[in-house]
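Marked as transmembrane segment by TrEMBL: 6-28, 40-59, 84-109, 121-146, 176-200.
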Amino acid sequence: VSTSHLQLAAFALGTVGWILCTISMGIVEWRVWHVDNTTIISSGIAWVGIWKVCFISYLHVSPGYKEQFCHKFSGYDSSIPHEIYAAQGLLLIALFVGLLGLTTTIFALRNVYMGITHKTLIARFFLVGGFFYIFAGLCILIPVSWNFYSVTHNQSITFPPSYYMPSSPAAQEAGAAIPIGIVAVILLLLSGTFSLLYRFPVTTNTITK
């Protein structure tokens, strides 16, 4: 037990990182667009996520949406940039792989704290869990970096007319999902590193005459 403190910390960090990955994937604030024309986008601000685009509108632009209008991305639309669809797939992979990392770490810690001294089994599960954490972190890092690059270069998106969105904003900034994703990456990479550092204690036998 005394040799697995780092791995216990890895489990805690991995759990928080996995939760942050889920939050980042679920919220719509990936890109914040500031638009000049407030005829439909009443607040002048629109949020572009990886699953949908939303804005506040005081016009009845769609049945059931009188104030906040959201349009979900359906299927594959060539007008939607590749980084958005890449984020969808990679974050789903990160969510699944991160869960596998947590599961393998739980199993290894269970053996450690219950005194089940299967040296090879415990070490392998910590090793596999570490690789899962690192792979999940990289899966988050790619879409977060890609979308942040698009924001900093103020890249436009040619939305279909049904989205009621301009093709380019007056200005845009990174939404809350991007810094949340960055923190998730850091925690998962740290968690993976800590898991890989596990060393099973070496026991020595003393022979008395």
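Quick reminder: no glycine exception, Cβ is built from N, Cα and C everywhere.
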- For the transmembrane segment (40-59): best-contacting stretch of 6-28, 84-109, 121-146, by Cβ pairs under 8 Å: 6-28
- Taking the transmembrane segment (6-28) as reference, the highest number of CB pairs under 8 angstroms among 84-109, 121-146, 176-200 goes to 176-200
